[in-house]
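As recorded in TrEMBL:
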type	residues	note
COMPBIAS	1-26	compositional bias 'Basic residues'
COMPBIAS	416-426	compositional bias 'Basic and acidic residues'
COMPBIAS	438-457	compositional bias 'Acidic residues'
COMPBIAS	469-478	compositional bias 'Acidic residues'
COMPBIAS	511-534	compositional bias 'Acidic residues'
COMPBIAS	535-544	compositional bias 'Low complexity'
COMPBIAS	545-557	compositional bias 'Basic and acidic residues'
COMPBIAS	597-620	compositional bias 'Acidic residues'
DOMAIN	80-245	domain 'Bms1-type G'
REGION	1-42	region 'Disordered'
REGION	399-566	region 'Disordered'
REGION	584-649	region 'Disordered'
Amino acid sequence: METKDQKKHRKKNSGPKAEKKKKRHLQNLQLGDEEDARKRNPKAFAVQSAVRMARSFHRTQDLKTKKHHIPVVDRTPLEPPPIVVVVMGPPKVGKSTLIQCLIRNFTRQKLTEIRGPVTIVSGKKRRLTIIECGCDINTMIDLAKVADLVLMLIDAGFGFEMETFEFLNICQVHGFPKIMGVLTHLDSFKHNKQLKKTKKRLKHRFWTEVYPGAKLFYLSGMVHGEYQNQEIHNLGRFITVMKFRPLTWQTSHPYILADRMEDLTNPEDIRANVKCDRKVSLYGYLRGAHLKNKSQIHIPGVGDFAVSDVSFLPDPCALPEQQKKRGLNEKEKLVYAPLSGVGGVLYDKDAVYVDLGGSHGFQASDKVGPTHELVQSLISTHSTIDAKMSSSRVTLFSDSKPLGSEDIDNQGLWMPKEEKQVDMKTGRVRRKAIFGDKEDESGDSDDENDDEDDEISEGDRSENGSSGDETEEEEDAEMTDKEYMTIEGIKRRKLEELEEDSEVDLPAFADSDDDLERSSGEEGEAEEASESSEGEGSTAGGERAILESKAAGEGREAGLSSANHQIDHVNLEKSLLMKKAALTTSDSGHCTPEEAFASEDEPEESSSPSSEEEDSENEEVTWKNLPKPSQVGNSQKLDSENLIDETSDIEDLLKEEDYKEENYSTETSGALKWKEDLSRKAAEAFLRQQQVTPNLRKLIYGTVTEDNEEEDGDNREELGGLFRVSQPDRECKHKADSLDCSRFLVEAPHDWDLEEVMNSIRDCFVTGTWEEDKDAAKVLAEDGE
Ligand SMILES: Nc1nc2c(ncn2[C@@H]2O[C@H](COP(=O)(O)OP(=O)(O)OP(=O)(O)O)[C@@H](O)[C@H]2O)c(=O)[nH]1
C-alpha cells in the first residue's frame, strides 16, 4: 500500500491568530494561578476573620524584623577554617558516643578511640572540628573561648547537672557562642506520658537558661551502642546548614586550636637537663585575624611566649576542589584527627609521615615518661581549688554563723543550688542542679497540646531530614517550621495550632525551626550585651578567674586570722558598730531619703533598747539586718573598716543613739509617723553621711593633721545647719607662704631689712671686699710694675 506523507501541523507564528494566542499566554504568566482563582471566586478569598488576618500580619512582620541585625563586618576568608563544635556535658552523659556517631554520619568511618579535636568535611563548603569538653573548669574556659557551636548534652533521666550551668556561666564571660541542647538517655523512661512531661520541663528550663526558643534535640535511645541514625543525621544536617554570627572577640584576635603537637627539642638536651627550654611546634587552623611572625602568643595553662616562626602548611582536611551540584562523594568525606592517630599523611616540621595503619600501628606504650608523670599528678588531684573553696567556711565574729560559699553572691552570675546524689548502679556522685520554682519542676499543669506540638515537629523534622538533598543546604538554613509543614501537607493545621499556642505559651513561635534566625538574633543581643566584657579583657577574664581563685585560696587563712584579730579588738563596741554599719550601708547606697529612713527605722522598730540586757539580745536582730559581708560594696567595706579604727567616733555614735531613743518613743505612736518631717531627717542623714565619709588626710597623715583639723573646725561657722563657711585663719595663710620646711629647717628667720644682715651676704657678690691677691686693681698695679 502506498502511504501518503502527511504534512505536519505547523504553529502559526504571525497573523491575528498567533497574536491572540501570544496575548493570552502573557496574561496567564502575569496572573498566577492563585491570582486567577481570586479573580474567579472573590468571595472565597475575602477576609473571613479580622483577628486571624491581624495575627498573620503580625507574624510575617515579626519574622521580617527578626532578620534585621546590626551589620557586622564578615572577615571570614573564602575558604573558612573548620567550625569548632564543642560537645559538652556532665560525665557519662554520652559525649564520646555522640562524637563517634557524628563522625560516622559524616565520613562513614568509625573511630574507636577519640583523642583531641577531630576535623571532618561535613559539606561542600563546611568543615567541622569536633572536640569533647570534659568537666574540668580549665578545659571549659579554654573551649568557651574558641567554640563556635556548643552541643550541650543533658541526661534527661537525671535532669540538669551543675556542669551545664558552670559552662553557661563561663560562656557568658566570653561572648555567647551558639548553644544547642541535646537530651540523651530518653530511653530510660518507661511511660510515654512521663517522657513527654520531662521533655517539656527540660525544654522550658533550657530556654530559661540559654534563650527562649533555643534548639533542643532529642536522642531517643540507642541501637547497638549507638544513637539512632536518623536522629544523628538530622542533627548533622542542622549543624551543616547552621549560620553563625561572628563573635567580636573571636574575629579580632588570631587564635589556633592546636590539633597536633611535636616536641622538636634535641633529645640530648633533654637528657642533660630535663627542665631545659623546649622547642615545640604546634599545628592547627588559624582562626580569627591574621597571625604575624614573631608575635606574642598566650598558651592557656602554660604562659606567654614569642612565636619563632609561622609557616603555611597544605590543608590536611581540604574542602572538595570543584564545586559540583551533587553532594560529597566518599573520597571527599575526609577526617583528620592526628591526636587519635587518624589522618593519613602527617606533615611534620621537617618530615612527612604516611600512616600505614597495620597491626602494630597504635599500640599504647607502657613507658612512663616525665610528661606522663606530670599529667598523672594532675589527674590524681582529687579536688579542685574551687571544690576546696566551696567546702571552706568563714566565721567573721566569734559567735556568728559561719558563712559558706552558698552565702556569697556570685557577682551577678546566678547558679542553681547543688545537690549531691549517688548513682545506685555505678556508685558515682552526681551534682544535680536544683531550681527553686516548684512550678518548673512539676511542669505538668499545662495542656497536652504543647507536647503534641513537639512530637509533630520532631517527626516532621526527621522525615524532612531523610528526604533532604545536599543541594538544598542553603535554602534549608532559612527553612522555617511552616516549610517543614508544607512538605508534610499539614501546614494549615500546624499553623493554627501555633497561633493558638502563641497566646498560651511564650515565646510566641518557640516551636518553629526558624530559630536559626531567632538564635542569631538573640545571639546578636547577647553579643551586644557581652560586648563590653569582650575585647582584650575577655580572655583575661577567664584566666583571671582562675588566678584570683588560687590567690584567694592561698591567702584565705592568713586573711582570716588577721580579720579575727581586728574583730576581737573591737568586740566590746560591737553592738554600736553594727548599728553604725547599718546606718552606713543605708546611707551610702543610691537610695532616696525615704528608703534610707525605711531601712534605718526597720531594725529599730524590731528592737526597743531600754536596758542593757535587752540591748544584748537585740544585737542578734541588728546583726541579721546587716548585709552579708560579700554583699557590701567596696565603699561600704571601707566605711566599716574605718569604724574599727575610729574609736573616737563611738562617742558621737552614743549621742546619736540617745537621740534616736528619744525619737523612737514618739515614732511608735503612729505607724506612718516616720514620714513626718522628712526634710529635716534628710538633712540630718546628709550630715551624718558627711561625718562618716572617710577623711583621707586623717588616713594618710595620722593624728597630727587631725589636731589641725579640729582647730580648723572651730573657725568654721555653720550656715543653715547644712554648710560650713571655711575661714582660713592667719596662721594658715602664713603657713602657705612659708618656706618649704621639708627641705630647709628654718629656726630663726633673718630680717633682711637690717643692714648687718644684708652685709652678711655682701661677700657673695662683686661689691664685697676681695682677697688681696684676687683684687683686680691690685693685680693690675702689680702687672704695671
Ligand atoms: N541507655 C542509654 N545509654 C546511653 C545513652 N547515651 C549514652 N549512653 C551510655 O552511657 C555510657 C557513657 O557514654 P559515653 O559516650 O562514654 O559518655 P561520656 O560523656 O563520653 O563519658 P565521659 O567521657 O566518661 O565523661 C555508655 O555506656 C553509653 O552507652 C542513652 O541515650 N541511653
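Every residue gets a Cβ built from N, Cα and C, even glycine.
Unlike curated entries, TrEMBL annotations are predicted automatically.
Across all of the domain 'Bms1-type G' (80-245), the predicted model scores a mean pLDDT of 87. When DSSP labels each residue, the compositional bias 'Basic and acidic residues' (416-426) comes out as 0 helix, 6 strand, 5 coil, counted as helix, strand and coil in that order. For the compositional bias 'Basic and acidic residues' (416-426), the list of distant contacts is 92, 158, 160, 162, 165, 406, 432-436: same-chain residues at least six beyond its ends, Cβ to Cβ under 8 Å. Note on the compositional bias 'Basic residues' (1-26): DSSP counts are 11 helix, 0 strand, 15 coil.
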